[in-house]
Amino acid sequence: MDSLTTALGSVPQVVQWALAGVGALYISAKVLSYLHLVLNLFILGGTNLSKYGKKGSWAVVTGASDGLGKEFASQLAAKGFNIVLVSRTESKLKELAKELEAKNGSLKTKVLAMDYEQDNDDDYEKLGQLLSGLDVAILINNVGRSHSIPVPFLQTPREELQNIVTINCLGTLKTTQVVAPIMAQRKRGLILTMGSFGGWMPTPFLATYSGSKAFLQHWSTSLAEELRSSGVDVHLVLSYLIVSAMSKVRRPSAMVPTPRAFVRSALGKIGCATQNVAYTYTPWWSHAIMQWWVENTIGIGSKIGLQVNLKMHKDIRTRALKKAEREAKKA
């Protein structure tokens, strides 16, 4: 201790004051960052949906037949928006349309059975024709695909790799190219694209999915700045795990919300800046706190983070393969 005191005493006082000032600024920045997070998560409300269109205007929801997409459609319908449902299975879409119309009085719906995996230009033409003349206020880019189980990139089936990129990237871009001009013409609109922690943080054993979601992050942020002057708000919505068929998680918890709870927070926190990337928000409180902690401790691209992610997804893969083996023996 005496040697440390002696060493510090030999440092010029002006340097000591400079170091103390830098330390104080660093700590203050972290405290302010956390307070900003808490303010946006628990106190401030998001942009009211009425900014984008009055009741009776239209919302387009992709991947609408199940999970988050179905919940976005349900909650937007309850808020007075007519709904265009886009997904692969026509029977599910028609069933959901009837359900929404029964619950919401004068609600109107339109459906388009569209397999994004096929990347068929005729489907996008049909979407454009379906939307012709409609007052489209909102687009929810929810359609997406992940790996069936975590898998090393070198073992990823080529068809799975292609489908992930085609659906997550091309499908989202082409849909937005159909819908966004309608919004730009009417000088207002909202585009929400579902991101993922898998794209925010590099994720070994989900490399293709991770890359596709990282692509959407940069695309969405760039598009947001392009369309800002047109009155169209564009946001990427980040999440960790949600109870869904894609996540294969069935039991909700503080860290894993139900689709209903997550969508309620997503629609209630539009534009609340819960992280450092512009036009991006993480609406679910525990996800946002975990994100802040990772960014301010180990870092999103650090070797430690990559190693933890790798081990976690290796373990998930091992359990999934063992389960498949047990089920095969029972058959």
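Sequential numbering from 1, following the chain as shown.
For all residues, glycine too, the Cβ spot is worked out from N, Cα and C.
Keep in mind that this is a model prediction, so the values were computed, not measured.
Swiss-Prot has this to say about the protein:
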ACT_SITE  Tyr209  active site, proton donor
ACT_SITE  Lys213  active site, lowers pKa of active site Tyr
BINDING   Val60, Asp115, Asp123, Asn142, Tyr209, Lys213, Ile242, Ser244  NADP(+) binding site
TRANSMEM  15-35  transmembrane segment
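Features as recorded by Swiss-Prot, highlighted on the structure.
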{"residue": "Val60", "record": "NADP(+) binding site", "DSSP (3 states)": "strand"}
{"residue": "Asp115", "record": "NADP(+) binding site", "DSSP (3 states)": "coil"}
{"residue": "Asp123", "record": "NADP(+) binding site", "DSSP (3 states)": "helix"}
{"residue": "Asn142", "record": "NADP(+) binding site", "DSSP (3 states)": "coil"}
{"residue": "Tyr209", "record": "active site, proton donor", "DSSP (3 states)": "helix"}
{"residue": "Ile242", "record": "NADP(+) binding site", "DSSP (3 states)": "coil"}
Nearest to the residue listed as 'active site, proton donor' by Cα distance: which of the binding-site residues Val60, Asp115, Asp123, Asn142, Ser244 is it?
Asn142
Just to verify a number: CA distance, Asp123 (NADP(+) binding site) to the residue listed as 'active site, lowers pKa of active site Tyr', in angstrom, no decimals.
23
Over all pairs within Val60, Asp115, Asp123, Asn142, Tyr209, Lys213, Ile242, Ser244, the annotated NADP(+) binders, what is the largest Cα to Cα distance, rounded to whole Å?
29
Including all protein chains shown, what's the count of other C-beta atoms within 10 A of the C-beta of Asp123 (NADP(+) binding site)?
20
With the cut-off set at 10 Å between Cβ atoms, which of these binding-site residues ends up with the most neighbours? Options: Asn142, Ser244.
Asn142
For a quick check of packing: other C-beta atoms within 10 Å of the C-beta of Val60 (NADP(+) binding site), how many?
30
